[in-house]
Amino acid sequence: MRFDVLTLFPELFEPFLHAGVTRRAFESGQVDVKLWQLRDFAEDNYKRVDDRPYGGGPGMVMLVEPLERALRAVRAQAGDAAPLIHFTPAGAPMTQKRVRELAAGPGAVLLCGRYEGIDQRFISRHVDEEISLGDFVLSGGELPALALLDAVTRLQPGVLNDAASHQQDSFSDGLLDCPHYSRPERLGEAAADAVPAVLLSGHHARVASWRREQQLRITALRRPDLIDAARAAGALSPADERLLASLQL
């Protein structure tokens, strides 16, 4: 799996590639990440990759020609199979479903915009997919690219110490995750300071039932849209529906 990142700030990626549980995948080449400095593809003495927008207005627009030279270099080295992904608030929301699809593919070319944006002609010619990290504005596409790299890499075989870890993540089954507890068993005298007794019981079926109940309760309270989506996908059992009907939210 290979990711080629087109960016004006490759140095933002270096610490990420050498830290955390995903580091093993990057350093071994299991997930190969190539960083491409867009200024290397500017042809003037000033390494200019942006200019003023036609029609006026604030800010600068990233130019088509340096981007196309960079993309040609990527395709010459990596081939044409990987989709070109542009990060923008206008894109489709990044979801765990899309992350899983990308994790099963060959990789992608990640385009990190800056300034007021990228000349639409480059987007129209070359971009295969646009993805948004959320309904807010960032200074560039580097943070969404880092988020996608992390999300995809942790799904690769052997990256996490426990292969079951990502199977219990939020969104792995369309719902939010349940609460987690560790030692000590009690932090204080209040009931909320104690680990729920069911988790100490050693009864696996009861633990699984409690976790599912918590997932449903938290998701219904905080993200009811995910409950609707799970229901539409047929992912809720009759027992799930009975529990949801009994909740006092």
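Keep in mind that glycine also has a Cβ here, set from the backbone N, Cα and C atoms.
Swiss-Prot has this to say about the protein:
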type: BINDING; residues: Gly113, Leu133, Gly134, Asp135, Phe136, Val137, Leu138; note: S-adenosyl-L-methionine binding site
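According to its DSSP assignment, Asp135 (S-adenosyl-L-methionine binding site) is coil. Counting other C-beta atoms within 10 Å of each candidate's C-beta, the binding-site residues Val137, Leu138 are led by Leu138.
Listed binding-site residues: Gly113, Gly134, Asp135. The one with the lowest count of other Cβ atoms within 10 Å of its Cβ is Asp135. Long-range Cβ contacts of Leu133 (S-adenosyl-L-methionine binding site) within its own chain (separation 6+, distance under 8 Å): Phe87, Met94, Leu143, Pro144, Ala147.
All protein chains shown were included, and the count of other CB atoms within 10 Å of the CB of Phe136 (S-adenosyl-L-methionine binding site) stands at 7.
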